[in-house]
Amino acid sequence: MIEITLLGTGSPIPDPDRAGPSTLVRAGGQVFLVDCGRGVLQRAAAVGVGAAGLSAVLLTHLHSDHIAELGDVLITSWVTNFAADPAPLQVIGPPGTAETVEAMLKAFGRDIGYRIAHHADLNAPPPIEVHEYTDGTVWDRDGVAIRVAPTDHRPVAPTIGFRVEFDGASAVLAGGTVPCPSLDELAAGAGALVHTVIRKDIITNFPQQRVKDICDYHSSVQEAAATAARAGVGTLVMTHYVPAIIAGQEDQWRALAATEFGGRIELGNDLHRVEVHAR
């Protein structure tokens, strides 16, 4: 079984009720943090997960709302890990990830220096290993396998989606993307597809062109549902709601998805949990 927890279902727009985009995936005793939106560590704490307990951080792309708390994750995983010789935190993402991590650590350079000077058991900067991929297998440990494929979030590029597999169960995390053949292939037959969604029918009515522009590179609810249908997934899990879902609107969003997808449809608030079993 794979357990998916929507840690943050928000967007770049600050929302008092929704943290930034982030999803927790637990499989075979391993814990993966997919994207690092604002507030992610507080949401993770609510389900008993700390930064030092992460098996890896998986980044779909490098938009600010998806990496806003990456620096905090890197530092907190270091200062809260009390092992004598802690293993490096694994960070997996598209090309550009290593540069981004380096910049984050540089921004926290003074803090790192302060902590090394203060604590006798901290004698080196945070141990981080970064791996950049656009395609193929990126993880294969103790029965958990992860592979990636390109998605289409242009002009943001490159971007990737992740497929996590364990004991016959599978979950795909699409990140930000419009429909594309590579995502269809990655998601084919998966137990669940976690997909960012927007309401283009609402957004196109905004007067600001900058707001309308987000329709260029995000999937609408119906488009995400159509991707799920083409790929033959069991469950569509919607997240990254733009605009934010107002209480009482959930059935409306589900109905839009149901016009294109006949399977199980999941959406909800932060900390919404979905179990994915072998198919």
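Cβ coordinates come from backbone N, Cα and C, glycine included.
Annotation source Swiss-Prot lists Zn(2+) 1 binding site at His61, His63, His153. A coil conformation is recorded for His61 (Zn(2+) 1 binding site) in the three-state DSSP classification, outside any helix or strand. Long-range C-beta contacts of His61 (Zn(2+) 1 binding site), restricted to its own chain and to partners at least six residues apart, with a cutoff below 8 Å, comprise Gly93, Pro94, Thr151, His153, Val156, Pro158, Thr159, Ile160, Gly175, Gly176.
What Swiss-Prot records for Asp65, His66, His240 is Zn(2+) 2 binding site. For His240 (Zn(2+) 2 binding site), the same-chain residues 6+ apart in sequence whose C-beta sits under 8 angstroms from its C-beta are Thr9, Gly10, Ser11, Pro21, Gly176, Thr196, Val197, Ile198.
The Cβ of Asp65 (Zn(2+) 2 binding site) lies under 8 Å from the Cβ of Gly10, Ser11, Pro12, Gly20, Pro21, Gly37, Arg38, each on the same chain and at least six residues away in sequence. Here Swiss-Prot flags Asp65 as active site, proton acceptor.
According to DSSP, His153 (Zn(2+) 1 binding site) is assigned to a strand segment. The Cβ of His63 (Zn(2+) 1 binding site) lies under 8 Å from the Cβ of Pro12, His153, Val156, Gly176, each of these being in the same chain and 6 or more residues away along the sequence.
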